[in-house]
Amino acid sequence: MIQIDSHAVRGFGVVDNIKTAAEKACPGVVSCADILAIAAEASVSLAGGPSWNALLGRRDSRTANFAGANRFLPSPFEVLTNITAKFAALNLSVTDLVALSGAHTFGRAQCFTFSNRLYNFSGTGNPDPTSNSSYLAILRQICSQNGNRSILTNLDLTTPNVFDSNYVFDSNYFSNLRRNEGLLQSDQELFSTNGAATVAIVNNFRGNQRRFFASFVQSMINMGNISPLTGRNGEIRSDCKRVNGAGNWVGWSSS
Ligand code: HEM
Ligand SMILES: [Ca+2]
């Protein structure tokens, strides 16, 4: 277990290192969008999941929009109908939602993204009833009430790490949901929402890892096709964290 500052996303340094290497080899050619698409594919296939050809030649946005990101991206506290609507607004189906959520078969989340489920769920004074009580006890040990919000724990309690198992990117995420051991509210809702179309899809992917992998690949391609910037649109960012010309970035040196 490690502790970091309380930011919602991590790993910028990894992207910066890849960008630095790409700029050195071929300045101004490789977009940050393409770096992220390739890194996602490599992470999944190296962890024992499927491989695919990520579509490339996608350029970087000339704007960065904090409010827009919060409006369009689902939150882990959101109810399933809202999350489904946010996906549908981008032409992503319920199958895409379940398949892509399967990426939570690896990686970590900070306490503040699920601690609302552990002690006083929706003001009830009780934990989230859709969560397994022994799992809740484990999570309460990790995230004490009013404790450090940024402590990390595994999204998949069964096969999170390469050193625990050869199969990290597997369908165990779906088995976890069926045992009421989904970490985020948005994970568990896929299985625990009565009458939702997502329940049958969870069952299907749990029983057939090949089908999960095939759907995951298709859904990653679908997600990558949400209004990409190609041709002369957008730009090739010099620093993946900011649009060109913003802030005090002075560009790379040619020496
Ligand atoms: C369906 C809506 C989704 C919600 C609400 C959601 C929410 C979250 C949250 C809250 C975290 C923990 C972040 C932190 O505490 O630092 C997380 C981590 C993660 N998510 Fe999602 N996510 C969603 C969809 C996706 C999709 C579509 C993918 C990729 C296909 C994905 C891949 C990951 C990965 C790999 C991590 C671990 C990151 C790390 O260990 O640094 N998630 N997600
Ligand atoms: Ca796993």
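Note: Cβ is positioned from N, Cα and C throughout, glycine not excepted.
In TrEMBL, annotation is done automatically, which means it is predicted and not curated.
Bear in mind that the values here come from a model prediction, so they are computed numbers and not experimental data.
For 1-244, the entry in TrEMBL reads domain 'Plant heme peroxidase family profile'.
Per TrEMBL, the feature disulfide bond maps to CYS32-CYS240 (among others). For the recorded site, CYS32 (disulfide bond), the DSSP three-state label reads helix. In this view, CYS32 (disulfide bond) is surrounded by 23 other Cβ atoms within 10 Å of its Cβ, with every protein chain counted.
What TrEMBL lists as substrate binding site is PRO74. Counting only same-chain residues at least 6 apart in sequence, those with a Cβ under 8 Å from the Cβ of PRO74 (substrate binding site) are ASN82, ILE83, LYS86, PHE87, SER186. According to its DSSP assignment, PRO74 (substrate binding site) is coil.
Marked as heme b binding site by TrEMBL: HIS104. Within 10 Å of the Cβ of HIS104 (heme b binding site) there are 21 other Cβ atoms, across all protein chains.
For THR105 (Ca(2+) binding site), the count of additional Cβ atoms within 10 Å of its Cβ stands at 27 [all protein chains shown]. Annotation source TrEMBL lists Ca(2+) binding site at THR105, ASP156, THR159, ASP164.
The feature disulfide bond is assigned by TrEMBL to CYS111-CYS143 (among others). In the three-state DSSP assignment, the secondary structure recorded for CYS111 (disulfide bond) is helix.
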Determine the recorded positions, out of PRO74, CYS143, ASP156, CYS240, lying near ligand 1 in the sense that the CB is under 6 Å from one of its atoms, and give them in sequence order. PRO74
Using DSSP, would you call THR105 (Ca(2+) binding site) helix, strand or coil? helix
Which of these recorded positions (CYS32, PRO74, HIS104, CYS111, CYS240) have a C-beta closer than 6 Å to some atom of ligand 2? none
